[in-house]
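Enquirer: Annotations per TrEMBL:
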- 433-567: domain 'GGDEF' (DOMAIN)
- 573-826: domain 'EAL' (DOMAIN)
- 14-36: transmembrane segment (TRANSMEM)
- 48-66: transmembrane segment (TRANSMEM)
- 86-107: transmembrane segment (TRANSMEM)
- 114-135: transmembrane segment (TRANSMEM)
- 147-171: transmembrane segment (TRANSMEM)
- 183-203: transmembrane segment (TRANSMEM)
- 209-229: transmembrane segment (TRANSMEM)
Ligand code: C2E
Ligand code: CA
Ligand code: CA
C-alpha cells in the first residue's frame, strides 16, 4: 500500500525529506550487495522476468470497500518472494526498482509521488535483503526458508509503511500520518497472506516450472471471482450513495446550500480530487462556477481545473465527455488533460429538457492506482439528472420568489413587497415617530407613452426609479406600486417633517431627463399618508397616499397630505354612475339657485344654477363628484340639459312676473366640444321664449385652456346666439389676462379661493385687484364668487368689482326658498326695464 496520496496541502517539497534518505539507503544497499557478490549480473534474464512480474503485480491493485473505508489490495509480495529466492540481492533491488517505476509511470503518478514510491520500493527491498542476510542461511524450500522469507518480507513491509506514514505526516501533518500508520495494519495482513501465497507458488514452481501454467489458470479464475465480487459491492454502494445524495440535494436546494452539499457528496461518491458545478448564466442568474477539492475545508473555489474546451464540448453536444486511461477519448482530449495536469476527468451535462443548463465535473480519481471507468460516467450522469431537476426547481422557486416581489422594469420592490414592508414597519411602534408613505405620481407619463411610444415611457420610468433610489436616504425603502406610481416609506418625526422631506425629494426629482433624443421635463405629484394618523393597515395607508397624490396634481407645489375629505369623494364616485343615470331619467336631480348681486347698488340681477343630487343611500353628493362621473360616463349632455332647462323655465317665470333675473349655467369644456350644443341652446331658448342675453354660460378657466382651439368655434357660435359667456374659476388656470382679450367672453368670475383669501392674504388681494382692473379695462364684467364676509365685500366694492356672489348674500337655494329669500331679504325697486329686487339695507 505504498501509494496513499500525499496531497499538496502543505508542500509536496517536504516529501524529499523522506524520499532522499530512502533513495540513499537503497543505493548504498545496492553497492554493498554488489561488492559482496561480484557475479550478480549473470542472472540478468531472471531479473528482467522478475521486473516484469513486479510491474504487472504493481498494476493489479484492487480497491475493496468495507463500511465506507477503501482498502487497497496489492499482490506485489508474491513475485517478490520468488525473486528473493532465485535472484542475487543486487538484482532483486534493481528488478524491484525498475518494476515499480514502470507501474507508477503507467498510472501517470505525479513526479513527487513517483520518486517517493520508487525510492520506497527500492528501500523496502533493501531492508528485506538485509534481514535475510542477517538471518541464518536456509537451504531448499523447506520451513526454514519459509521462516526466513516471511520474517524478512514482513520487516520490509513494515519499514515501507513507516516510510509512507512519515511522508504523509511531513506533507499533510501529524494527524494524517497517524491515520496512515493505523491503516497500515490491514496492509500488513494483506502482505502476510501474499507471502504465504508466494511461498506456495515457490514450492510448486520448485517442483516443476510447468506448474506456472496451472497457477496462471488459477490466478485468472481468482481475479475473475474477485472482480465480480467487488463490482457487486461497488454497485450496491453507489446506488445507496446516489440515493442519499438525491435526498440531500432535494432537502438542500431550498436552503441555498445546494452547491456545498452537492459538490462535497459528489466528490466523495466519485472518489475524485475535484468536483465542479458549472451553471450557465440564465436570465437574472449569473454564471456559477464552484469547485470542491479534497482535503480542503476552506470551502468552495470559484475556479475550476477543468479545461474550458472540454466543458464547451459538453455544452455544445449535450453529451458527456470522459477522458482517462480507462475511458474512450481522442488524442486531442488527452493532450488537453495533460495540459491541465490531470489524470482523468468526467464532465456530464445538466439538462433541462433539450437545453444544457450547466455541467457536473469530476477530476482525478483518488488513489494512485485508480482511474475513472465507463461505469463511473453512468453514475455521474445519474447524479446529474437529479441535480438538474434540483437546480431547475431552486431557480424556479428563486425566480418566482423574486418576480413575486419585484417590478421587472425597474427592479424595484413591487406593490406586494412594499405592502409587506409597510406591514412590518407599523408593527414596530416608536414614541414620537411616524411611518410615512410618500407616493410619487409621475406627471405626464401617459402623454409620453401615447406620443413617443411605450419604450420611451419605460425609459422615463427607469430614470425616475434610478433618481428616486439615489435621493431616498438609507433608511427609506423605494418601490414601484403602479404604472407611474413610486412609493417611498420611511420613519419620520411627524407629519410636518414628512411633508418637508416630500417637498425636498420632489424638488430633487425634478429636472430634465433624456429619453432617446428628447429631453423631457419630469415632474411628480406627491401624496403623503402617515401611520398612525391616517390608518393602521398598509393597504389603507397606500390607498390614502394615492388619493392624496391624485389631489396633489392640481396643486402648484405638488405635495398633498391625506385628509378625510379626499376619501369620501373618491369612495362616493365609485359605483354611483348607474345611480346618476337613474336619477337623471327619473328627474331626481334638483337645481338650486344662488343670487348674484351688484355691489354698487345691491341689486339682485341674476342667479347661478347649481345642480344638486341627493343619493338615496349616500345622501348629498358633491356636484364636483357627480359632474365628474357624468363626464366620464357620457351623461354630461343630459345633465347640462336638465340644469339649463330648469334655469330657463324659472327665468321665464321671473320675466313673466316682470321681475327678470338672469341665469348662469355651468358648462364643462367637454360640452363645448359637442358641435350640436349651440343648436340645442338655440332650440331651448326658443322653446322657453327666453331672451339670449338673460343667459350666461360659465366655463372654468383650466377646462377652457386645456383645449382652447377646439372650444373656440362653439364659443363664437354661442356668442353669436346672443348668450353671455363667462370665464369661471378665474385664476386657477394659467391666469394670463392676455387671453381674455382674444376670447369671445363677456365676464370673468374670480375664483372663490382668491376672494376668500383677499381679506387676510395680500397676495390674493393683489390678484383680485389686478383681475378687476384689467377686466374692466377690457370691458369685461367682473364677478367675485365666494363672498363670505363684509370685509371682503368692502374691499371688492372699493376696487370697483361689479358683481358679487356668496354665502354673505345667500347660499344656493331651491326655487321656493329662493322666492322666500327674495321676499324677506329684498325689496322691489322700479327701474325702466322692470322691477328689480334690491337687498335691504342690512348689508
Ligand atoms: P362653481 O361654478 O365655481 O360654483 C360655485 C360654487 O361655490 C358652488 O358650489 C357654490 O355653492 C359655492 N359657493 C357659493 N358661494 C360661496 C361662498 O360664499 N363660500 C363658499 N365656500 N362656497 C360658495 P357647488 O354648488 O358645490 O358647485 C361646485 C361646482 O360644481 C361648481 O363650481 C361647478 O363647477 C360645478 N357644478 C355645479 N353645478 C353644475 C352644473 O350644472 N353643470 C356643470 N357643468 N358643473 C356644475
Ligand atoms: Ca360657476
Ligand atoms: Ca369656483
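Backbone N, Cα and C atoms are what each Cβ position is placed from, and that goes for glycine too.
Situate these features within the shown structure.
Expert: Long-range contacts of the transmembrane segment (14-36) within its own chain (CB-CB distance under 8 A, at least 6 residues past either end) are made by residues 6, 88-90, 93-94, 97, 112-113, 115-116, 119-120, 122-123, 125-126, 129-130, 163, 166-167, 170-171.
Long-range contacts of the transmembrane segment (86-107) within its own chain (CB-CB distance under 8 A, at least 6 residues past either end) are made by residues 3, 26, 29-30, 33-34, 36-37, 39-41, 43-44, 46-48, 50-59, 79-80, 113-114, 117-118, 121-122, 124-126, 128-129, 132-133, 325, 343, 368-369, 371.
With a threshold of 8 Å between CB atoms, the same-chain residues lying at least 6 positions outside the transmembrane segment (114-135) that come near it are 2-3, 6, 15, 18-19, 22-23, 25-26, 29-30, 33, 80, 84, 89, 92-93, 96-97, 99-101, 104-105, 148-149, 151-153, 155-157, 159-160, 163-164, 167, 368.
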Enquirer: Tally the residues of the domain 'GGDEF' (433-567) by DSSP class, grouping H, G and I as helix, E and B as strand, and everything else as coil.
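Expert: So the domain 'GGDEF' (433-567) is made up of 60 helix, 44 strand, 31 coil.
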